[in-house]
């Protein structure tokens, strides 16, 4: 069972990664904050603050396996790298790591795997995800959404609202990440041509439209669809292209269930915080649809995700080995049951 962290307890939240098809009993809308569930994070009470026991690279690595406690006063004394990694919510970057891995496995299955291209895709997708997390926090804070009582500040520290960085410091970090991403994009533009650039520009456009646009997609009920497009066709299908050097219908088809999995996470998160979003003018998809229809939609997305995998195996687009995703079916069943019940 999930355990909540007491504010100021100095607890350390450790996470266990999960596949895109994994769901918890409290998934999508019930219990712990949705982004905590996103990476399967557990709150562990009674432990020393991570900054009290770890330093340097060991502490930095912890950012990739757990959230930092939101009200731990020791956060102000973290080194700049640790502050940045925890603020970027590095623990959930595994979602993009998995998308790159799927693209790489598909390329390997086709005998077109290129190690250097795969490594660059992996770095590029994770970097883009970190930029998205930080820009989301910047615009959420600037627009007055990321307040002390907001869902965002309940589960981990915030780069600006927690006082870890000022806007200038955050922009420096974003500039470093942006430089890394730009170099990778330029490399693939030279090596793979204009199609690689088109994928990158599409991702950049969705990043801007999701958070930075005057009327962002997330406030128009379109953020969840954008998540499907980014983590599905763009990351998996586009990742396959730059690794293998060719487009693949199979890669785009295989990207569908993974994209649906990420979309389900975001719908669940927005169901969880719909009341707060509604009061702050955030017209997310659950706010637009209402609780009952949003829950019905998320159940349909979860079912479609598994059905798509079964169909892709049946028509030969995926190897039967992928039936391993059936291991997660009990969790999916529990998630469906939870989504069928009113929020407690």
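Keep in mind that glycine also has a Cβ here, set from the backbone N, Cα and C atoms.
Annotation comment: TrEMBL describes 1-20 as compositional bias 'Low complexity'.
According to TrEMBL, the compositional bias 'Polar residues' annotation covers 40-50.
Residues annotated as region 'Disordered' in TrEMBL: 1-50.
Residues annotated as transmembrane segment in TrEMBL: 91-109 (among others). Below 8 angstroms of C-beta separation, residues 15, 17, 19-20, 35, 38-39, 41, 63-67, 118, 121-122, 125-126, 128-130, 133, 231, 235-240, 243-244, 248, 250-251, 254-255, 258, 262, 265, 319 of the same chain, each at least six residues beyond the ends of the transmembrane segment (91-109), sit close to that stretch.
As annotated by TrEMBL, transmembrane segment applies to 115-134 (among others).
Sequence-distant contacts of the transmembrane segment (170-189), counting only residues of its own chain at least 6 positions beyond either end whose CB sits under 8 Å from a CB of the stretch, comprise 84, 88, 117, 120, 123-124, 127-128, 130-131, 134-135, 138, 159-160, 196-197, 200, 242. Residues annotated as transmembrane segment in TrEMBL: 170-189 (among others).
Beyond its flanks by at least six residues, the transmembrane segment (195-213) meets 128, 131-132, 135-136, 138-140, 185, 188-189, 223, 226, 229-230, 234-235, 238, 241-242, 247 of its own chain at Cβ-Cβ distances under 8 Å. What TrEMBL lists as transmembrane segment is 195-213 (among others).
Per TrEMBL, transmembrane segment is recorded for 225-243 (among others).
If you look up TrEMBL, you'll see 249-268 (among others) marked as transmembrane segment.
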### Query
Short question: which residues 6 or more past the ends of the transmembrane segment (225-243) have a Cβ under 8 Å from it?
95-96, 99-100, 102-104, 106-107, 112-114, 117-118, 120-121, 125, 188, 191-192, 195-196, 199-200, 202-203, 206, 209-210, 217-218, 251-252, 254-256, 258-263, 265-266, 285
